Amino acid sequence: MSAQPLVFQPAPAAVTPVVADKWPVDAIVALFELPFTELLYRAQQVHREHFNPSEVELATLLSIKTGGCSEDCGYCPQAARYDTGVVAEKILPLDTVLQAAREAKAQGANRFCMGAAWREPKDRDLVKVEEMVREVKALGLETCVTLGMLGQGQAERLRAAGLDYYNHNLDTAPEFYGDVISTREYQDRLDTLGRVRGAGIKVCSGGIVGMGESRLQRAGLIAQLANMDPYPESVPVNNLVQVEGTPLYGTDPIDPLEFVRTVAVARITMPKARVRLSAGRRQMGEAVQALCFVAGANSIFYGEKLLTTGNPEIDADRALLDKLGMRARGTAVDARCEIDS
Ligand code: SAM
Ligand code: DTB
Ligand code: SF4
């Protein structure tokens, strides 16, 4: 048998598999376009597969560093460049933070979220936040911080301090983002979320509606979140709190039923996430909040203040939950267990 001549074959080109998005934007728009009752029915079905529909998580916020921020987020009262009446303060001392966390726990909060008006934390600030995380966690509360963009190694430091969640919102769809913020890019936000995930911290990420975006852009925001692999464990849906002096003050508010639709679509596309009915509840009324719970919201900010603006009084929230026959997470005797994500 004659030897086969050696023929050099070019190495096959590296093939990068194209992974199709789990939730294409048009599929999300189609959900938004369902008849309202059909959409809420589907959302409630998905919700009941993974959660007890009568149970709600209570997350208390504290601004640990208020105002004087260098960024230009068009919604934010804490940006130094807007005249909103918010006075810049230094980072709070540890004992003030711990006092607030003890009070939150006494009021029945599950999670304590600490927010700072920074573009990104400096390393010397992070040392103080690490201490806060350790001590708040030791009180038996879940911990969350939102400090802006994280640099190399910072997420790992927070994780080592015991941090459970990092909040960093995408805020809106990529194509509307530039209308709202110019001092950092959408990709910067995605990079920070990648660092948080990479460090083993649970991701809390959502956005704001009612900033003048279109329905397509609301669907675009949800597509960004729902197509992350894995999607965030916590998804805050904020309704813009309009603050005089910010560029977005005076924007036409979103139709309340469109807000409810947004919550329902978040629930359907991210079935195991905690969907938080976040900022804007004070302006919302009880009936719209009740619809949001039917649509699958199962977390709220709890306590009379968000970061710088108002939130419903604790007594009003207790009365609302009572009226709806709902209970705080962890307090129900017969609570069906959450299915871990
Ligand atoms: N400075 C950090 C950052 O921007 O990532 C953390 C604090 S910042 C105040 C956290 C989030 O609060 C923002 O990303 C935005 O989604 C939300 N937020 C700020 N002002 C708001 C407003 N007026 N209405 C609704 N949500 C708001
Ligand atoms: C989130 O999604 N909403 C919260 C929290 N994460 C940090 C902040 C809402 C801020 C509302 C305006 C204010 O009170 O300053
Ligand atoms: Fe600064 Fe955060 Fe407000 Fe933007 S949202 S201005 S980064 S505090």
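Quick reminder: no glycine exception, Cβ is built from N, Cα and C everywhere.
Binding of [2Fe-2S] cluster is annotated in TrEMBL for C144, C204, R276; the matching candidate from C113, C292 at the same site is C113.
In this model, the domain 'Radical SAM core' (54-281) carries an average pLDDT of 98. Highlighted here are the binding-site residues (C76, C113, C144, R276) whose C-beta falls below 6 Å from ligand 1: C76, in sequence order. In the vicinity of ligand 3, defined as a Cβ distance under 6 Å, the following of the binding-site residues C69, C73, C113, C144, C204, R276 are placed: C69, C73.
The two recorded residues C144 ([2Fe-2S] cluster binding site) and C76 ([4Fe-4S] cluster binding site) have their Cα atoms spaced 20 Å from each other. When Cβ atoms from all protein chains are considered, those within 10 Å of C144 ([2Fe-2S] cluster binding site) total 23, not counting its own.
Local packing around the binding-site residues C76, C204 was summarised as the count of other Cβ atoms within 10 Å of each Cβ; on this measure the leading residue is C204.
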